[in-house]
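Peer 1: Let me begin by handing over the structure; questions about it come next.
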Amino acid sequence: MRFTKMHGIGNDYIYIDCMESEPESPDTLAREISDRHTGVGGDGIVMICPSDKADFRMRIFNADGSEARMCGNASRCIAKYVIDQGLTDRTDLTLETLSGIRRLMARKGSDGKVESVTVDMGRPEVGVVDTEVALPDGSRHRLTAVSMGNPHGVIFTDDLSDAMVLGHGPELERHPMWPDRANIEFARTDAPDRITMRVWERGSGETMACGTGACATLVAAATNGLAGRKAEISLPGGRLTIEWLPESEGGHVMMTGPATEVFTGTYIRN
Ligand SMILES: N[C@@H](CCC[C@H](N)C(=O)O)C(=O)O
């Protein structure tokens, strides 16, 4: 099976061109091929498929085989893939996801390849705001729930240590407050337009970046009065610019960041 390894600020997936056919059991494939010791290694797989509603369709599976409804970093990488591979000659595209249709606007660099992409991530849905969650170890965390088409719990804290992220992320992901687990963001507001965060992703563990997570964090920060509606979000793998447009302009969240191809290869399924 041919694949392309790509990443969006370190959030790495194995991209499979499914314009002709889809692999069997993509959930099992995602678990096998994402393994960093016995597979290619990645945070999951992304399938680029034809669509009858948009220019292309995305399916994304986390490293544990669960299918996700949306992925910000993969949306940018798909724009790069389909444009650089000549599957389209347009740079303003639509992408069907399980959470609806998203608009991708790509910019090319001097080498003619896509360098950065802005994604219209749609309207966020804010759930509980600044609610206390208690864990069995006695720790208490205040979180704000935001859906960016997938579920996020954002915790504002100055403690971005491993003890916090790796120690509490797994339990918070599976807290009974979520019907279907959630992605957990640990964020510190450095200024009204600058936020630093780490993310514990549902189904993949800590990743270098999460596009939907960065959007959810900006929305949670603005909702809690901790930031304005536009900020640069720094993640372990790099930076994204996130803007939550005013209600008068539709209230959508716009995400801008790079997309990078790493290598291509052939995976032999046993
Ligand atoms: N890394 C992604 C989100 C991937 C899916 C997520 N783990 C989920 O299960 O919802 C991003 O860049 O948005």
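Just so you know, glycine gets a Cβ as well, placed from its N, Cα and C.
This is the feature table in TrEMBL:
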BINDING   ASN11, ASN62, GLY72, ASN73, ASN150, ASN183, GLU201, ARG202, GLY211, THR212  substrate binding site
ACT_SITE  CYS71  active site
ACT_SITE  CYS71  active site, proton donor
ACT_SITE  CYS210  active site, proton acceptor
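Tell me about the setting of these features in this model.
Peer 2: Annotation for GLY211 (substrate binding site): spatial neighbours GLY8, ASN11, CYS71, GLY72, ASN73, ALA74, SER75, ARG76, VAL119, MET121, LEU240, MET255, GLY257, criterion Cβ-Cβ under 8 Å with sequence separation of six or more. Reduced to three states, the DSSP call for GLY211 (substrate binding site) is helix.
Note on CYS71 (active site): other Cβ atoms within 10 Å of its Cβ, all shown chains, come to 30. A coil conformation is recorded for CYS71 (active site) in the three-state DSSP classification, outside any helix or strand.
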Peer 1: Give me the count of other Cβ atoms within 10 A of the Cβ belonging to ASN150 (substrate binding site).
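Peer 2: For ASN150 (substrate binding site), the 10 Å Cβ neighbour count is 24.
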Peer 1: Inside 8 A of the center formed by the CB atoms of ASN11, ASN62, GLY72, ASN73, ASN150, ASN183, GLU201, ARG202, GLY211, THR212, which other residues of the chain have their CB, for the recorded substrate site?
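Peer 2: Once ASN11, ASN62, GLY72, ASN73, ASN150, ASN183, GLU201, ARG202, GLY211, THR212 are set aside, the remaining close residues are ALA68, MET70, CYS71, VAL199, SER204, THR207, CYS210, GLY213.
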Peer 1: Measure from the Cβ of GLU201 (substrate binding site) and count the other Cβ atoms within 10 Å, all protein chains considered.
Peer 2: 29
Peer 1: Provide, as an integer number of angstrom, the distance between the C-alpha atoms of CYS210 (active site, proton acceptor) and ASN150 (substrate binding site).
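Peer 2: With the alpha carbons as reference points, the distance is 11 Å.
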Peer 1: Any idea of the Cα spread of the substrate site, ASN11, ASN62, GLY72, ASN73, ASN150, ASN183, GLU201, ARG202, GLY211, THR212, as a max distance in Å?
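Peer 2: Taking every pair of listed residues, the largest Cα separation comes to 16 Å.
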